[in-house]
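According to TrEMBL, the features are:
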- 104-166: region 'Disordered' (REGION)
- 107-127: compositional bias 'Basic and acidic residues' (COMPBIAS)
- 136-146: compositional bias 'Basic residues' (COMPBIAS)
- 219-246: coiled coil (COILED)
- E269, E324: Mg(2+) binding site (BINDING)
Amino acid sequence: MTQEIDDVEICYVSTSTSEHATDAIMEINDSSDGVTATENGCGKAVLRKPKSGRWWKSIRKERSSAVIKVKPLKSSWERKMRAKAELENVKKIQQEVRNKLAAKKAAKIEARKEHERRRKENERKAEIVQASTWKSHGRGRGRNKRSHDNSTGDDEFASSSRYQRSITEEEKKDFISYQKEMDERRDRYERIVKLSRDVIIECKRIIFQLHRIVVVDTSEKREEILKEANKRLNEVRNKMLQQMAKELCNLDQYYYIKSYDWALEEYIEALAFHKFLTSGKVLLCSEVIDILQFVDAESEGNTKLYVELPEVTYLMGLFDVGGELMRLAISEISSGNSNTAVSIVNYMRSLHGCYEFLGNIMHSADWTKKSQVFRECLMKVESALYKWKIRENEMPTKAGNSIVNILT
């Protein structure tokens, strides 16, 4: 059947009604008359089923189709088929890559198993060879001869002269002397640790006693507290530290340094705090060294004793003074005495400047932590003093002195 629609001549060839004209053939020829369609045999471009999957029942129906636009319908179908084929090729390549990786992994596992099997086989062969050499008597040099074979029992094997021999009396004496020396070192270490604990406890009590200066009313009571603290510090020196020096006499004291350096730090803290309250000066390392020199009056020749003081231990002890000075400054500011707080902040600033000059010479966590804590204490004292000065300027003197604990 042939019809003309808007100068477009289209020919439909129906092969069967049951297949809905799926074998229609169309030829498109560019000419002056328009586009013509002929039956199969004279056409070249074959139209297949459209992309939508249905046939148009009416040719006059307005639609945006490839037929009206004079465009072959099979081009979109071919692109779809090409894309589908490319996707299948990609999937095929991916599957091949996965298969290769799986085969490679399986080969590695198999090689590892083979290596383990060969290792066990070599160990078994080595055991067989060693057992055979034990069985061979009278072969080789004397050092390779064995007085037993592999058939001997466990008791005979354990009692062999190759694995056991008698210990001489000299060796027994040597081992007994080693045992005594080790026990003596361990006991001495424990005694020094106990003395260090006693020193720390007493020094903390002395520091607490020195903090009571803030609550006293008269200078006589202040002097009495300082004298009592000085007396207790001398007792710590003459009893505990001198006994420690006796324990360390004629020995390598750096071997026991970890057992008493923390006690020296606490003792230096108490000494430095006491000296600041009495004179307002810094405790020097030479002064501490002189304090740690002793004379044993009980010995015949008045033996000189001493306790080793590393420079780092002295510096770490001065670090600890910052916390006590901060507490004292806050207490003095709370009670209205800002002059003592000013002297404390100047003392801490000069000490902090020295530590900043040294830097992190120890490269240890304790040094870094203590320097950071000392800096924080200094900042707290400066902040408290700054706030006090502002309040003192804002209020009259009498009203400002009556304020207690405004910063705590």
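Cβ from N, Cα, C; glycine included.
Automatic prediction, not curation, is the source of TrEMBL annotations.
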Residues of the parent chain within Cβ reach of the coiled coil (219-246), under 8 Å, 6 or more residues beyond its termini: 192, 195-196, 198-199, 202-203, 205-206, 209-210, 212-213, 260, 267, 270-271, 274, 277-278, 291-292, 294, 296, 305-307
Most crowded position, judged by CB atoms within 10 A, among E269, E324 as binding-site residues: E269
Residues in the compositional bias 'Basic and acidic residues' (107-127) grouped by DSSP into helix, strand and remaining coil: 21 helix, 0 strand, 0 coil
Integer average pLDDT (0 to 100) for the coiled coil (219-246): 91
